[in-house]
Amino acid sequence: MSPVAPTTARFISFEGIDGAGKSTHIEALGERLRQRGADVVHTREPGGTELAESLRELILHRSMDSLTEALLVFAGRRDHLQRVIEPALATGKTVLCDRFTDASFAYQGGGRGMDLAVLGTLEHWVQGTRQPDLTLWFDLDPAIAAQRRAAAREADRFEQQDLEFFTRVRAGYAARAASAPQRFARIDAGLSVPEVAAQIHELLEARGW
Ligand SMILES: Nc1ncnc2c1ncn2[C@@H]1O[C@H](COP(=O)(O)OP(=O)(O)OP(=O)(O)O)[C@@H](O)[C@H]1O
Ligand SMILES: Cc1cn([C@H]2C[C@H](O)[C@@H](COP(=O)(O)O)O2)c(=O)[nH]c1=O
């Protein structure tokens, strides 16, 4: 187990349908990387800056059409990239981001049925070639995710959607993972919390992270 050089910039995103278990594991992963010498920044989307957090409130709670939703998500992402993600990576930090652009393809593309070419154009405008170095995709049966959410919290505008919506979102993630297999690592999120943690541990060990 060799320590990570503090100057090794890494961008790791966490993806999956609502309730798949991302948040449960992010802090522990950050701690693991810190112990190996990384300077870790935790952030999230929508959000991550004051402006983008304001947009998050609108996106999660106000009614709007899918193109408006996508434009707000990408506007927040631009601010987030400029103010937080790019400066952190430029100074050798490790960025752990709870959701990034794959969520736009899964939710606005898969869930809402938006044209993927339009999303691809927004992606190119907003982030150029910037992509995470690793995306941990917490893959879970939407029915199980719904049970977990119901036990955990009050639903926002996305979480109120039905199983068909989340089945399309899941398929959106699967398509995105198939298009970038080197970047995506699928986690079986249907297992217990310790078993999911073990999968993440093995994935990072295999990369020497
Ligand atoms: N492997 C697991 N088995 C059973 N319950 C779990 C598991 N992982 C997480 N949970 C529980 O499921 C609920 C949702 O988990 P969590 O908030 O981590 O999901 P999430 O993917 O971050 O959701 P969201 O993206 O909507 O914020 C929580 O109550 C959490 O304790
Ligand atoms: C980045 C991003 C997010 N969303 C949706 C997905 C989730 O339902 C919410 C965020 O809630 P969380 O509890 O913080 O996971 O936003 C989206 O539709 N499009 C996106 O690009």
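Backbone N, Cα and C atoms are what each Cβ position is placed from, and that goes for glycine too.
Annotated features, as they stand in TrEMBL:
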BINDING   G16, I17, D18, G19, A20, G21, K22, S23  ATP binding site
DOMAIN    14-200  domain 'Thymidylate kinase-like'
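Taking the centroid of the Cβ atoms of G16, I17, D18, G19, A20, G21, K22, S23 as the ATP site, the other same-chain residues with Cβ within 8 Å of it are F138, L140, A145, R148, A189. A count of other CB atoms within 10 A of each Cβ picks out I17 as the most crowded of the binding-site residues I17, A20. Each residue in the domain 'Thymidylate kinase-like' (14-200) has a pLDDT score, and their mean in this model is 97. Counting neighbouring Cβ atoms within 10 Å of each of the binding-site residues (G16, G19, G21), the lowest count belongs to G21.
In the three-state DSSP scheme, G16 (ATP binding site) falls into the strand class. Residue density at K22 (ATP binding site): 21 other Cβ atoms are found within 10 A of its Cβ, drawing on all protein chains shown. When secondary structure is read from DSSP and collapsed to three states, K22 (ATP binding site) falls in the helix class. Here the binding-site residues are D18, S23; the one with the fewest Cβ atoms within 10 Å of its Cβ is S23.
Taking a Cβ cut-off of under 6 Å from any atom of ligand 2, none of the binding-site residues G16, I17, A20 qualifies.
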